[in-house]
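J.: Sharing the record's features from TrEMBL:
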- A:21-43: transmembrane segment (TRANSMEM)
- A:63-90: transmembrane segment (TRANSMEM)
- A:67-270: domain 'ABC transmembrane type-1' (DOMAIN)
- A:102-125: transmembrane segment (TRANSMEM)
- A:145-163: transmembrane segment (TRANSMEM)
- A:203-227: transmembrane segment (TRANSMEM)
- A:247-269: transmembrane segment (TRANSMEM)
Amino acid sequence: MSSKKQASSQLRVGDNPLVKWLLVGLTLFLTAILLVVPLIAIFQQAFVEGAAHYFNSLLEADTLHAIGLTLLVAALTVPVNLVFGVMLAWSVTRFEFPGRKLLMTLMDIPFAVSPVVAGLLYLLLYGNNGWIGAWLYEQDIQLMFAWPGIVMVTVFVTCPFVARELIPLMQQQGREDEEAAVILGASGWQLFRRVTLPNIKWALIYGVILTNARAVGEFGAVSVVSGNIRGETNTLPLHVQLQYEDYQAAAAFASASLLAFIALLTLLFKAFIEWRQERQEATL
Amino acid sequence: MATHLSAAPIRPRHKRVLPGLSLSLGTSLLFISLILLLPMTGLIMQSVDMGWARYWEVISDERVVASYKVTLWAALIASVFNGFFGLLLAWVLVRYDFWGRRILDALVDLPFALPTAVAGITLATLYAQNGWYGDILSSLGLKIAYTPWGIVLAMAFTSIPFVVRTVQPVLEELSPEEEEAGMTLGASDWSVFRRVIFPALWPALMTGIALSFTRSLGEFGAVIFIAGNMPYVSEITSLMIFVSLQEFDFPAASAIASVVLMASLILLFAINIWQARYLRRLHGRN
């Protein structure tokens, strides 16, 4: 976000140094209490019993399995939602059709719905009593309380993120570049790869990273459909809960520190993109 | 995050030259139908199956009603708090230059990036009686962890970014003329803020608060660790669904979930309609 330097020497609201430092100070104080200290506490608690304990608890078989399952879920979820996000963003920003607004509202459902409800929806449909689940059961296919169910609810919960990052940007950029390319004879794929993709590259990457962060960290929905079988259907966030409720706080925070690290990388990347954008705007 | 603040500029209708309408729209519709809408059929069938009397009995159960109240109150307090804190953060980030502004800006998104379970155990540890904050608070005679205030805290934490990210862009685009006119005419900072700036900000502020409220209603991971989950006192509605599921009472879980789902869908549609209206007004005026 760019802070606009004022060209004029006119006074604006809150320019008084006393007001400024009071507000900045209050903000920093509250942010420190609400955000910074909790972030530090995660790592402090993870190392509270020493570094050896930290690494040993991460190398436990169940923890390693949880890490592997979590990576698998993310690796399957992200590509699906990447394709969906691009398709949806292309259709709603490049064309006008009846129901366009409704489509954008429907896309937001996962933001509004409680993750527990999301998990339940899938359990009712694909569980053994559901109308699809009963048929799957006859075919001997088990989706719920197994990794496919975890992937399915994770896709549900994280599907809006890529589209959410792309839509405002693509609306702002307009369609002129792409229309020119078509008139010059570009094919659909050439158009996307040479014109659209370079324009939306960074937003797309950020959308993917955000999707990944949420896919790795989903708790409520996954906990409904996973069945919490230790060493089998436990993702990393579920494993954190298990260890925490088992009074292995240091081990729980060790697992949590991996998730917090991914979150930090996500924030760092976003800061990098914004810094890049500001520089670009400054050189124009 | 969930905002449509950058609306499309109004453009004249012209002939469609771009390819891919049927492919992209087809894929999107298929995806939305399969992933988002189809799963709702299971819930509807389950709720219809159980009959009205039983349905009503479940959703009006005393313990469940207590959970609605706790959830609504906690979400309301958390989102109003975020209204103030978010406005303050947005103002400071847009208006002032100071060391660490960029770090602060990045940190605002932490609650979105951090898994809710991690937030939950961290807050519970900090505010527990022997934790860093719990220690200080208990010497003051206050208790947050394992009380309804713990729920408020967890909800507030997970929804901090909403107000900041809806107000920030509006504040950035605010033109300085009216404000400077007010200041030149000798009005005080506070009265210019109240009469010129706040009227321009409040639709975005309300949107942010509403989004924060919606998110808080559904929050689960962060809340359950710190709430204490005492029946009638600190159980949230999502937990009631979860408890019914653990008892393999699918009809009860579905009935409660249908109430939550309807509430969130109504909120979602209301927010989107409201946003579309105020965006039109905003762009009509400019």
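Along the chain as shown, residues are numbered 1 onward.
Note that Cβ sites are derived from N, Cα and C of the backbone, with glycine treated the same way.
Just tell me what is around each of these and how deep it sits.
T.: Long-range neighbours of the transmembrane segment (A:21-43) within the same chain, counting only residues 6 or more positions beyond its ends whose Cβ lies under 8 Å from a Cβ of the stretch, are 14, 253, 256-257, 260, 264.
Same-chain neighbours of the transmembrane segment (A:63-90): 57, 103, 107, 147, 150-151, 154-155, 158-167, 170, 196, 204, 207-208, 211-212, 215-216, 231-239, 251, 254-255, 258, counting only residues six or more beyond its ends whose CB sits under 8 Å from a CB of the stretch.
Same-chain residues lying 6 or more positions outside the transmembrane segment (A:102-125) and placing a CB less than 8 Å from one of its CB atoms are 88, 91-92, 131-133, 144, 149, 152-153, 156-160, 163-164, 167, 218-225.
Long-range contacts of the transmembrane segment (A:145-163) within the same chain, counting only residues at least 6 positions beyond its ends with a Cβ under 8 Å from a Cβ of the stretch, are 69, 72-74, 76-77, 80-82, 84-86, 88-89, 107-108, 110-111, 115, 118-119, 121-123, 126, 204, 207-208, 210-211, 214-215, 218, 221-222, 224-227, 229, 233, 235.
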